[in-house]
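Single-structure report; data block below.
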């Protein structure tokens, strides 16, 4: 079934993103749908606050399996796709399963799926919700202080730890078998011709999908039984946030891979984190203070990682026959219930926690036999005892039934592996008697089916599940009994609850004993079997101990608390019942019509599994069960799915072949077998039942209520059809036109023989005679009797037979045909209102027989031998009224022997017993008050089994249509109370009590039926003897007289009907019903003509009263005579059985015509019933503590406004600790309701005087819900009811003769009212524009007055603040519906409606809670809290006391007394000038606040038309005949206040040096600081070049002007989103100062060194020195640091040192520098008075920094570079080199000149 879902994702902000100088973008992806946020520049903690909505109309499970992926991407633009920073994944099913179907303002942990060795890559704050149609939307409370604690507010389900590590999910795929063919036979023949041999027509492979990852095995060509022995490995965080694993077998195809079968594995079922046994899942109200609980929950929990198999998983889907277009292909995808076995797969799963990346899959060895289990032979036997309610479309072809398990027994479209009998006999067509439902002729001969199959032995899993299911079912039944006892007001339900607890204790003890008694077998073969065995034993012990506390609890301790505890135990037990590991496939029962499958039923093998221990057997093993067959797949939806294709009663037995000897033990006794073969051990082919149990069903149909409208008028002509076995009966139907109709109805009568100790009373002479009794209605025309197959019954010549009329008149009829041994035809004509007595020989006439007021006649033919009459065919042609005829037939053979015994025959007809009765016309709550009697019902089974588990009764409700077939309304199922013949008809079981049965049409509730059913066993001889004794011979007999009691019969215009007996029908008492006819509203046109002269008819319990006629609806829609009475109405004393109230609106038109306008049915009238108080309590008055007004110090109210009070009230609503943020006293807040005002519990919908009843017209649509059903509303009736026992007790105030209980009723004449509507703001609007935003504006209307505020639309906002007040002058009741609509403004197209809400002002105006103007907490005559009601508190109090007839008010100084209650308060009132004067208003206001009046408030209303959105508003109303109020309260939005933030960057220290000096190679950085506040106002300091130590000197001023909302703590930025935007958009971002330190590069991009983000509202106080500056000062969570926090808006100036931080290679945060800064905040006015320049500019310039001489650019100053870079560093080296060079030069010159000098010396030159 397709459903509407809406997924809303709000991306709020991100923090601690991994990376440097990021431009992050968030991608929100669900399946294939992707949406992106805007890109934020140069920040690691961006703020978005963007909303994304995804709408889906898919199956529920498809939506829940979709994965929500939140990815943060770095620098997404046109040139590059961006780098993934981290992502977070969660499935939508996990979100939907959370509280309120959402995670509100939680932090998603971002991780890199490709990097397993690092931790989180950042945190993303989001708000996600998954809402289905009709789900309640709740707005979570906002607490920003708690939200900043990231570690404690992670987006994780309850019970999941914050630290998740990587894990490898290893899937081992071994083999599969039982695959169907996936190609046509033409292809098969073609391949056979080409390849020479036939091959399997399937190429399978396995595909596994988990957590948005897919893996598949290799393809095995042409194999029905493929073997892979491969494994698939996924790596994911553990525990994963995706709870289901999808396993599919697919067929490889060149065009498209086809799905063969799908199965899902839930991780919750195959793992346990240890929290299942904890107390966190126990309801909060369950007491855990018992000492036994402390011992219980201190035990060690069972924990284990996900594990599965090796075991076979069974896959189901569409039928196995291959077609080119598979209409049931969705079933193969796992959508819906599979209708056939497709295949099974042997696989296993294991999980390993790892820290390194996992490798891909590789081949594995075959699975051991021990893990998969050994093969065992199983035997399945079934016997079809009854098959009826077969659809009429299958009447033309033979019907057979097929039973399969796996592929065994399937010989149509699967490999038939069993050679046994799989089907019932064919060539048998169904029979019918009403041409509506057909039945198979399974009379005394019941067909059987059986087959042998072979499966792996995992029966221990099924045994354990069966034990737990038995305990859970018994617990569920007991708790339902307790609920019923509480609902019906039964005494002492605590006793039944203690009994339920004791049964649970015994069941838990039995489970523990049986499981532990199996030894090693109980533990199972796989690891999951063993771990689950330990888990179940522990959980069962927990439940047992908790149940013990309930069983010993005292009766006074019983309350809803204990019931909740038991209900929690029930849910726990049910969660453990089903084993996640499959074993034996399910059993399918198919009904075949002409060898074509048409309807099926699916039965779990566990339910029919046999065991030698009774506790381990399935609940239906060896028992007869009723199964409804339905259409497969999508055919079962809608109209076709409402009808039952067939109902079968079948006996099933499934177990080991070695236990086959027990397969017939559960059958009803008295059968004989017809075996298929000559072997004695062969299973039977048929079961023959010569004996059976006889019953009579009495269906006491009292009334119905709230039925679905089936006619265009909005009403129905309902009648009920009761179906039991092959019997049908119909309740009363009333036709407006009676049409006579002649029809022929026939019956085949089976005759059986029994022994009776009572002699047959006869007054005729023959010893041997046959007697035929036929009871007929008085309007029959003729009767035809066909005596067929009267073998060995020699009849005499009937020419001398005498047929005697009543009164002794005789007449002879000729015999048409007669033979001695075979009489084939005898014709007897019988006239109306006569009873015929046909006698052979000289028999005395017998007078007419009266049985249940229906005339009878008796026929006695003569027979000489005692033989069995096989069949007698009777045809009756009647004059009737479109229904069937009711008759009974008895054939008895009287034979008196010497022992005075007789051998009477009893005849049972197999015709549907139907009664010709009338229809109740045009109603949705018919009262039938009719008992339908179905006698002669034959059932097969043990008496005790039928008593404990009787067959079901089906009640179908139809709408009678004069043209066409009757329309189906709904169906309910019930079980009768069974009385056996050995029991007395006495209390407490008899007579049965009436109960309401819910009627369903498909999955839709279609009304309720009040009925009771009893099934009485009737002995064959008792039925006949009592009838003859009491009616024929007029002899009274007491034999089982109680069980044969018949209710009284009443005559109707169509015959007789039997009313509900007095012991069953509700006890009635005289009541008085007072009806307040106030008026009609919003009546729509009927038959294209407007309603002008309407009236209203009220009907209850058959009594009706009509209102006066409204002569001119448009002029005045109220009734002139508002009060009318219905005297002496018979209503049940128990309100649970009270009939509904029907409201019918009729328009009286010209020429006496009346047209139905609409109707309304009030099913539950308990809220209108007046219950007199106990006499003992009527005169006691409760004492009340005196109220006292708290005196508080006055505040400077000149600085406050309405918004101050509003935000202070939000603090109270959100349960925050008052921090003085808004400077409002706690007693001056107003009430903020998070729902509609009328839905608040203390006001009860303002229905204390008037109730609004929607009038419906038209046929209800199929599959309509409450929202779509609103289209049928054609108007509204306003009125009220008072119902009470009459007369009232004397000690209760008696009703007024004229007004009854409606004393003090105000006039309903038109009244003029001033309506003032305040629209504050809207939240979570549905986006309607492609950009994910809306441009909302308000349209508000009251009657014909309409105000369109389109000009003041708010651009691109989903949470707009309107702050508007609208005044209307209206006249009630003509203008009483206030409609507030929110539209989206569009430039070119028509504006879209976002949502609307409607307020009924009239109900509020006349309510005793006085919501005209909310009562404020304090009375003031000036200021923001000025009293706005024109009536002062004292005047209002006096008026209330007068209306309620109270004594008072009596004012005293500082006190006021009303009755015996006294209230105190302040005695002085301060005016605007500060003068004080005495007043009574304060104490009057204190008294008013204790009168349950509506306080000063703001209500939150849901917007309809869209699935999301709420609006905050309130409405004041002031009658125009009273003094008018003052001007409206100023609620206009606060304008943001202008501020200027001045940041002076003085110095930096310890900044890391990233660059190397070109000449010297030293570490250095060219440091500068960048800062911004709003994102687009970036400023930079100048560059401190060549910092060698990380020190930087700047003396640089940043100036950031901004607008700020103090109440919301947000900066307001107004700008265009892009150059294509039409107008500016207002953004609200948190005030965060971002500072970054950079290293400047000339020929490459600058290097990011570190960043610092300072939240100006929660700013860490700066350190006094750089040495004291630590990493804690940069922590974003307040709880993680001990640094004191301040707000710059309170402390306007701060100076200190703060750290720059960045993440290292290990993704850890480290300090990369420190900055000394001075931050000062000035208002715009202060900044204008004291201006300052940017940087070091005028005015107020800063001094230039004293930087070292080395701070310069080398290529701009080459001489300086030589001086500071070369000379300073290499001075001595240069000197040394110079000296060395000089010495070398001298040495070279010396060497060079030495030879010449030596020569000169030698030569002597």
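Cβ coordinates are placed from backbone N, Cα and C, and glycine is handled just like the others.
If you average pLDDT over the domain 'C2' (1-108) in this model, you get 86. The annotation domain 'C2' is assigned in TrEMBL to 1-108 (among others).
Positions annotated as domain 'C2' by TrEMBL: 146-282 (among others).
Summarising the annotation, TrEMBL assigns domain 'C2' to 868-990 (among others).
The annotation domain 'C2' is assigned in TrEMBL to 1054-1179 (among others).
Across the range of the domain 'C2' (1293-1414), the DSSP-based residue counts are 8 helix, 55 strand, 59 coil. According to TrEMBL, the feature domain 'C2' maps to 1293-1414 (among others).
Taken from TrEMBL, the feature domain 'C2' covers 1523-1670 (among others). Broken down by DSSP into helix, strand and coil, the domain 'C2' (1523-1670) contains 3 helix, 76 strand, 69 coil.
For 1772-1792, the entry in TrEMBL reads transmembrane segment.
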| said: Let me check one thing: do the domain 'C2' (1054-1179) and the domain 'C2' (1-108) come into contact, meaning three or more Cβ pairs under 8 Å with sequence separation of at least 6? | reply: no
| message | With helix taken as DSSP H, G or I, strand as E or B and everything else coil, how many residues of the domain 'C2' (1054-1179) land in each class? | response | 13 helix, 60 strand, 53 coil
| message | What does the DSSP secondary structure composition of the domain 'C2' (1-108) look like, as residue counts for helix, strand and coil? | response | 14 helix, 62 strand, 32 coil
